[in-house]
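S.K.: Marked as compositional bias 'Pro residues' by TrEMBL: 218-229. What TrEMBL lists as domain 'Phage shock protein PspC N-terminal' is 25-70. Taken from TrEMBL, the feature region 'Disordered' covers 171-230. The annotation transmembrane segment is assigned in TrEMBL to 45-68, 89-107, 113-134, 264-287, 293-310, 317-337.
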Amino acid sequence: MTESSFQDQLADMWRTRPVRLRGPVSGVSAGIGYRYGIDPVLVRVVFVVAALFGGGGIVAYLAAWLLLPKYGDAASAAESALGRGHSSMSGGKIAVLVVAFLVFVTASAGPGAFGMGGSSVLVLALLALAWWFLHRRTPQPPPLPQGFPGVPGTCPVPLDTYTRAVGLHTPYAADSATPPGPYQNQYSPYTRLPDHYVPDPPRTGQSPEPAKESGERPTPPATPTPPQWDPLGVAPFAWDLPEPAGTREVAEQPRAPRSRLTPVVIGLATLTAVAGAVTAGTTGIAWFTPGRIAAMSLAVVGIGLVIGALTRRGHGLLVVAAPLAGFTILASLVGPLDGNRNYGGDFAWTPTSMTELQSTYSIGAGSSVLDLRQLDLTADRTVTVDTMFGHTAVLVPPGMNVTNDCTAIFGENDCLPDGPTADGPLLTLEIDNSFGHVEVLRG
């Protein structure tokens, strides 16, 4: 069996994406839960928790509202706006959703969102990764529940609503139109036949007595009632057999009560995250970073998993623990994002004197170049270059005495050998890069 390519998997994810079912707001969580066989409450909790960190959950929810078709529609709201199908959503509602989506995208990508949650991009990446894992676990969508007509790309009209055409011949036999004969009332399907046949004696020459003239018709013999096992009376020869024993009804086993461990633990973890975020926003305590807040919630989920393992409950916590653990690890490695940093673009600094040389150069995302080839170093200095995402390069003159300490969490670093390389004032470079490439060049 050949493994499909990543591009084919993405196309299959889009083709079998969930359908929005009936729900409190838009049916996004209900559709995702039914498509991948998870509790819709867990999906709603994931969106709420993701919204606390930079607003990424709100962006993801609005995107799903626009991209997932409603049951019975041939296309989603976004596809309908582009003229690629019909959607039951009105044009005005689509316009409002698009405007709200753009507003939240701009707000979550701004410095304010990065200063608090620092995680909108990471949250969206984790949600996309979770969607891919769910698709890998359940690649084939289940049939829609009864009462939900149609799926994306199929006929949205239920076929069982068609009525029978009028005037067509039906193969059912009508009532018999044969006039009643002289023996019409003597024999019926319920008449019991004799066990053996005895012929009549031969007739003599005597003429039979004339029948009495009477206006009354002879009373037909009484017909026995067929038993319950032969309601149509097709086997009268076996009616004298005893009635079969009735079927014994099996008592339905009562269902075990549903455990409340999963929603209780998820609620406590959500309250923990909300309390940490509110404390960080109101008091400004630097300890409450996104990674530590997520770690607090993960600790609550971990305690719930231990209790569930001892009581054989709480299996739904695994769905929350996996993405929450991934977010905690990434947020801890990246650290808190600073709203004062510059995000996006190319940055270059060329100091020529000790007064122009700053102690710290920091950017959030982009490419940065610190050119020190024209610097007249007259005293020992320590310079820190901090980059969150992107490429960092430091250019030093050939004869400068330089020592560097380069750190790249996810990426490569090409720096100078450790230790001073010449006599004279010493320049110490401390370069940190979370995601990207770091290099220190001479010349």
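Note: Cβ is positioned from N, Cα and C throughout, glycine not excepted.
Where the annotation comes from TrEMBL, it is an automatic prediction and has not been curated.
In terms of burial and nearby residues, how do these features look in this structure?
M.R.: Look at the domain 'Phage shock protein PspC N-terminal' (25-70): DSSP puts its residues at 34 helix, 1 strand, 11 coil.
Residues 55, 58-59, 62-63, 65-66, 70, 77-78, 80-81, 113 of the same chain lie 6 or more positions beyond the ends of the transmembrane segment (89-107) yet place their CB under 8 Å from a CB of it.
Note on the transmembrane segment (264-287): residues 41-42, 45, 48-49, 52-53, 116-117, 293-294, 296-298, 300-301, 303-304, 307, 314, 317, 320, 324, 336 of its chain, located 6 or more positions outside it, place their CB under 8 angstroms from a CB of the stretch.
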S.K.: Which residues of the chain, 6 or more past the ends of the transmembrane segment (293-310), have a CB below 8 A from one of its CBs?
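M.R.: Long-range Cβ neighbours of the transmembrane segment (293-310): 49, 53, 261-262, 264-266, 268-270, 272-273, 276-277, 280, 317-318, 320-321, 324-325, 327-328, 331-332.
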